[in-house]
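K.L.:
Let me begin by handing over the structure; questions about it come next.
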Amino acid sequence: MEPGDRSLDDRASSAHSVNVSDDHRVDLSSVTQEWEHHSKESLVDLQGISEDVTPPLLTSYVRAETQRADSGRKVTSWRKRPILRSLVLAVPWVGLTLLNCTVFELLTSFLTSLGVAKFIPRYLPPFYTFFVAPLIGGHSDRSYSKWGRRNGTMLVATCLIVVSVLLFGGSQHVFGDHLVFHILNVVVLIHGSVTMELVLRTRLFDEIPRGYQVHAQACGSIWHSVGVAIGMLILGGGTEVVYGDEINRANLFQTCCIVAAVVTVTVAISIYLMPEKPQDISTRRITTVGHMVSEIWDTLVSAPYELRLLCVLQLFLWMAWSSFDNQKFKWWGSNVYAGCPTLSSSTSSEPCTQAQVDNYVAGLNEANSAVQGISASELIATLGFMLLTPANPSSTRLHRLTYGFMFFGVVMFAVAVIVGSASHTVSFVSFVCVGTFYSAIYIFPYAVTGVIAKDLMDAPRKFNNNGIYAALLMQFIYAGQFVVEEYNASSLSSLGSSNTMALPVLLFILSFLFMFNFKFEL
């Protein structure tokens with residue numbers, strides 16, 4: 001039989017198979033129709049039961065799910081806005097600033113009363129920060145905490161600050177006359193504050209997009225001015241304490257408790273609203289301490305050229321500001337109000353009178369108000385800086401804004417120094433406007449560093465050296481403070497004149513000229 005031919009028997013069997021299949025198909029279709037009929041009846045019954053019994057339950061469930069979806073969209077929407085995220089990330093600046101303008105001021109007077117009048121309260125903070133800040137930054141970069149590398153480090157810093165501040169508040173009872181324990185507590189406090197400041201800068205580098213780094217650092221300046229205002233208004237900023245033996249134990253402990261509470265609350269708010277994912281485990285770097293130090297040193301040496309120029313700029317800027325900060329109260333008391341600190345001291349051949357002492361106290365009170373005014377002008381200038389800075393600003397735009405704000409601050413400072421005691425009102429207004437200078441030097445260096453850091457980052461959750469870059473800028477800030485503490489005596493600050501603000505004015509002008517000629521590319 002040829003291929004393709006079929007026999008009669010095959011044809012008969014095929015016909016029989018077709019008939020059987022048709023019979024089965026008819027049976028199956030009837031079964032299916034019957035099942036669908038019963039299913040429809042059951043569905044109608046269930047719908048009737050649902051409509052009769054549970055309409056309120058279904059309605060409330062749908063409403064709850066809708067509300068949950070809407071709230072989730074709201075949370076997601078505000079977290080996608082860089083400026084709002086920056087404000088939340090920078091909230092702990094309030095507590096840190098309050099710590100710096102209250103506890104550290106009281107610490108200087110208190111340690112002076114114990115006989116430690118120079119190195120520990122004045123030199124130890126900048127000296128310790130200069131050498132330890134890169135190690136803190138490198139350790140933060142290599143942290144794999146479940147809280148996140150920055151949030152985990154910030155929690156450690158918060159614990160150190162709270163414990164050391166509370167111990168300082170009760171140190172007269174706890175440590176007594178044991179100077180070693182007082183010094184160890186100061187070291188722990190300095191370590192905690194440096195860690196907190198470094199982490200706050202680095203979190204903005206990590207979490208905020210490249211085009212909003214200026215706005216992110218401006219948010220830190222906003223909270224800084226708020227912290228200064230709280231410190232001066234509520235706690236007096238430590239300016240009411242002149243001599244360590246006049247410190248009231250109850251007031252000291254109360255002040256320290258307030259500072260510890262503010263630090264804890266602000267950190268908790270920031271971490272709760274902006275949790276951080278852990279660092280990618282695939283980039284884990286298991287190294288010894290010596291190897292980590294070697295990596296940190298290599299990172300510092302091979303830092304980008306723009307970052308190294310920023311470090312030199314930081315040195316000039318903060319030498320100018322630190323010299324101003326050191327002499328501001330004395331300038332108001334002696335130059336503006338023509339007073340003397342005590343009856344036994346005098347800058348002239350004649351001794352001070354009680355009227356001159358009263359004038360000096362009045363000058364200190366006026367200086368206290370002026371410092372509050374500087375924090376207010378800093379806030380206004382920062383808001384203006386943010387409004388005038390677009391997203392992804394060009395190098396030219398950012399440079400002009402920065403030296404424009406600095407120029408205004410330098411001119412106002414020069415006016416205040418020239419007018420002096422001739423008009424207290426003009427001196428006060430001009431002095432307050434110096435806050436524009438501070439807002440510019442507070443924002444610009446870290447904003448440019450943040451842009452550089454974002455260009456060098458591979459991904460948000462991968463390893464980066466942002467902690468070391470922030471520490472590098474902090475080193476030169478504290479190096480400037482160290483130089484000022486060493487050489488900014490009254491005789492040098494006056495430059496041979498009768499005005500103690502002569503050297504600060506000169507440093508302000510030099511720092512502005514440096515900034516004006518500073519070239520960089522974003």
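Glycine residues also receive a Cβ, built from the backbone N, Cα and C atoms like all the rest.
If you look up TrEMBL, you'll see 1-13 marked as compositional bias 'Basic and acidic residues'. Among the features that TrEMBL reports, region 'Disordered' is placed at 1-20. According to TrEMBL, the transmembrane segment annotation covers 87-111, 123-140, 152-173, 179-200, 221-239, 251-274, 401-422, 428-451, 463-481, 501-518.
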K.L.:
How about the transmembrane segment (179-200) with the transmembrane segment (87-111) - do they touch, taking at least 3 C-beta pairs under 8 Å (6 or more apart in sequence) as contact?
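P.N.:
Since 3 or more Cβ pairs under 8 Å link them, the transmembrane segment (179-200) and the transmembrane segment (87-111) do come into contact.
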K.L.:
For the transmembrane segment (251-274), which stretch among 87-111, 123-140, 152-173, 401-422, 501-518 has the most Cβ pairs under 8 A?
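P.N.:
Out of the listed stretches, 87-111 contacts the transmembrane segment (251-274) most.
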K.L.:
Checking distant contacts: for the transmembrane segment (87-111), what same-chain residues at least six beyond its ends satisfy Cβ-Cβ under 8 A?
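P.N.:
That would be 117, 120-122, 125, 154, 161, 165, 168, 171, 182, 186, 189, 193, 196-197, 200, 203-204, 207-208, 216, 219-220, 222-224, 226-228, 230-232, 235-239, 241-244, 247, 252, 255-256, 259, 262-267, 269-270, 273-274.
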K.L.:
Do any residues, 6 or more residues outside the transmembrane segment (123-140), come within under 8 Å Cβ-to-Cβ of it, and if so which ones?
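P.N.:
The answer is 104, 149-150, 153, 186-187, 190-191, 194-195, 198-199, 202, 292-293, 295-296, 299-300, 465-472, 474-475, 478-479, 481-482, 485-486.
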